[in-house]
Amino acid sequence: MSGLDSTQPNDISERFSECSTVTDKGSTKRESNKYPDQAHSRGWTRYSEKFSPTSVDSKHITSSTQSKSGRLTEVELVSDDPKEWVGFANVVRKTNFTHFEKVNGKNVNVVQGLELHTRVFDADEQKKIVEAVYEFQRMGQKGRLRERTYTEPSKWMRGKGRVTIQFGCCYNYAVDKNGNPPGIIRNEEVDPLPPIFIQMIKRMVWWHVLPPTCVPNSCIVNIYDEGDCIPPHIDHHDFLRPFCTISFLTQCNILFGSNLKIIGPGEFSGPVSIPLPVGSVLVLKGNGADVAKHCVPAVPAKRISITFRRMDESKIPYGYSPDPELRGVRPMPITPLESQSQQKHIENNGASSHTPASAPPRVVSKPNNASLFNKEDEFPPLGAMNASRQRR
């Protein structure tokens, strides 16, 4: 089923609500397509064509159940939930990146502040996220997103064909035809953060990947074909630190250094190369965000990245409305003793993940933290709750 017709509602929430509503749990079926560990461009094009927009998530999930993997599956977490602790404890974190360079005459660790988190999103969740991105791409191609939300440039040379989808704000990479300088264009509107991305943000804050003091309110999706790249840069300070980028479909390397060199189209060199595993979350702050530049050389196969950032309050677009789902998002409460146990797990980043021997932490609060899962149909259709409310 297509889920889309020829009409073009003015608001993205209306466009999303065109997708069919959630069926009864017993009648909802999951697609049988397998999610490949590594996918080449041709294979993913064929796979995405099979995707139905009805499997994109709803912003207003009201109930969910626990999954066999122990991932976050409760809107209201119960105390002493061992599966929630297992999911949190299985996140592998590397925080000790080190590379010293001479900067203004001083020896500086230019990658201080970088963090790499893996096992935050499992394979099933990655599949749903990728499917949602492909649906947003199709909506953009059909003109069903706001003009500045979706950009698909002509591939006029190697590395220059990356598709971008912006939510929350319109970011200008260079001076545009209207004379706007690089940075957030405050008088331009793009579509708001989709529900599925809001749930990703909640997961990352809840599992201590991102701090509650810098909850993202915007993002940019990059869809790479083989050979596409991102040249050396430092992210604009219209966005606060930290910010993060999540990788999908294909592992690639990201380069860091205070002086990255451009060798040719899509070819760069730098002193630090960090592999980004599929599903990994790279957090950038400190010197890693503001002293070292970073770039992604030409990717070997189809790749998707989603970069989440929080806008500086003084740069927020004039028509922007904060999403109530992200108000008061807090990290999972853990006791000091358990924090020490988790810190040992973080420091032992090269070892395989394991469940701590200590008892799971007591969760003392019940945040409004909607799930990435909803039993058989883990991501209900966009606008499903809105549609159900209209029927009442």
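Keep in mind that glycine also has a Cβ here, set from the backbone N, Cα and C atoms.
These come from TrEMBL:
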type     : residues : note
COMPBIAS : 1-11     : compositional bias 'Polar residues'
COMPBIAS : 26-40    : compositional bias 'Basic and acidic residues'
COMPBIAS : 338-356  : compositional bias 'Polar residues'
DOMAIN   : 215-312  : domain 'Fe2OG dioxygenase'
REGION   : 1-48     : region 'Disordered'
REGION   : 338-392  : region 'Disordered'
- Report the DSSP secondary-structure composition of the domain 'Fe2OG dioxygenase' (215-312) as helix, strand and coil residue counts. 5 helix, 52 strand, 41 coil
- Message: Can you work out the mean pLDDT of the predicted model over the domain 'Fe2OG dioxygenase' (215-312)?
- Response: 97
